[in-house]
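Peer 1: Mind looking over this structure? Questions follow.
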Amino acid sequence: MKVILADYSGFCFGVKKAMDMVYDEIKEKGMEKELYSLGPLIHNQQVVEELENKGVKVEDDIEKIQKGSVIIRSHGVQKDVYSLAGEKSLDIVDATCPFVRRIQNIVENYHKDKYEIVIIGNPNHPEVIGINGWCNNQAFIIQEEEDVKKIPYSEKLCIVVQTTMSTPHFQKIAKLLEEKGNKIEIFNTICNATKERQDAARKLAKEVQAMIVVGGYHSSNTQKLVDICKEERPSTTYHVESVHELQDEWLIDIDVVGVTAGASTPQWIIDELLQKLNRI
Ligand code: F3S
């Protein structure tokens, strides 16, 4: 069986930067200072466990952290988390991805300028929750085309999009939103890493008989890759978190299989999967 890895897959720039910052912090401070990650650093169980073994504790609520350093992960956080950390004299290791930081800045500035803010994205995703915190939690958050009717007409509207949204989906919703305001600013804030991975996954899915997507089950960008591959290969796209879930029967009668990986999937997990596939 021939195994082909997508042209772009695995750790994106923002996740790699976050991982490097955390490992530097561990090296510098060792166990002498308590180190907390505000939520799992990345949506990958194996990596979270490895970091826990090195002393990085996961805490979802900053109110529960009394001392030490707090890592802000690449998804970013609400603005008030910074002031809370300051009040508690916590050190901040800020690994907010620059692409997410850009959205936070847009939202903050346009909110100050009295624009209504629309975030196209998953309302439960930490990145979106964080962005909303830069406009006083007053954004309209919509995910599907039918949600557009919930948006009232506004004089000034500023539209941003979650970094991991697919471009065609964003374009469709943004087009509908053009009817919802007089002065409208639309920012395509989908990050390149996402688009590159999505385009490469679609291209590869068209060329192979089956696709294996490897990445955390809670990783939004991995899930998007699964959705895209399923559009091309509805019955032969499989999502695994690690090599252990790979089932041999998926590959019966398959001559060419494609592999892609979410932006939070470490290279060693991809390598293990490739090695196993190459043995089949
Ligand atoms: Fe940043 Fe894009 Fe990765 S927003 S964290 S480079 S998926």
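Quick reminder: no glycine exception, Cβ is built from N, Cα and C everywhere.
Curation does not apply to TrEMBL; its annotations are automatic.
Grabbed the feature section from TrEMBL, which reads as follows:
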- E127: active site, proton donor (ACT_SITE)
- C12, C97, C191: [4Fe-4S] cluster binding site (BINDING)
- H43, H75, H125, S219, S220, N221, S264: isopentenyl diphosphate binding site (BINDING)
- H43, H75, H125, S219, S220, N221, S264: dimethylallyl diphosphate binding site (BINDING)
- H43, H75, H125, T163, S219, S220, N221, S264: (2E)-4-hydroxy-3-methylbut-2-enyl diphosphate binding site (BINDING)
Peer 1: Quick one: Cα separation, C97 ([4Fe-4S] cluster binding site) versus S264 (isopentenyl diphosphate binding site), in Å?
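Peer 2: Taking the Cα atoms only, C97 ([4Fe-4S] cluster binding site) lies 13 Å from S264 (isopentenyl diphosphate binding site).
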Peer 1: Could you tell me which of these binding-site residues, T163, S219, S220, S264, has the fewest other Cβ atoms within 10 Å of its Cβ?
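Peer 2: Lowest Cβ count within 10 Å among the binding-site residues (T163, S219, S220, S264) is S219.
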Peer 1: Using a 6 Å cut-off on Cβ distance, which of the binding-site residues C12, H43, H75, S219 come close to any atom of ligand 1?
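Peer 2: Among the binding-site residues listed, those whose Cβ sits under 6 Å from ligand 1 are C12.
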Peer 1: Closest to H125 (isopentenyl diphosphate binding site): which of the binding-site residues C12, T163, C191, going by Cα position?
Peer 2: T163
Peer 1: Could you check which of the recorded positions C12, E127, T163, C191 is the closest Cα neighbour of S264 (isopentenyl diphosphate binding site)?
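Peer 2: Minimum Cα distance from S264 (isopentenyl diphosphate binding site) across C12, E127, T163, C191 lands on C12.
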Peer 1: Distance between S220 (isopentenyl diphosphate binding site) and T163 ((2E)-4-hydroxy-3-methylbut-2-enyl diphosphate binding site) at the Cα atoms, whole Å?
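Peer 2: Between the Cα atoms of S220 (isopentenyl diphosphate binding site) and T163 ((2E)-4-hydroxy-3-methylbut-2-enyl diphosphate binding site), the distance comes to 10 Å.
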Peer 1: Measuring Cα to Cα, how far is H75 (isopentenyl diphosphate binding site) from C191 ([4Fe-4S] cluster binding site) in Å?
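Peer 2: With distance taken Cα to Cα, C191 ([4Fe-4S] cluster binding site) is 12 Å from H75 (isopentenyl diphosphate binding site).
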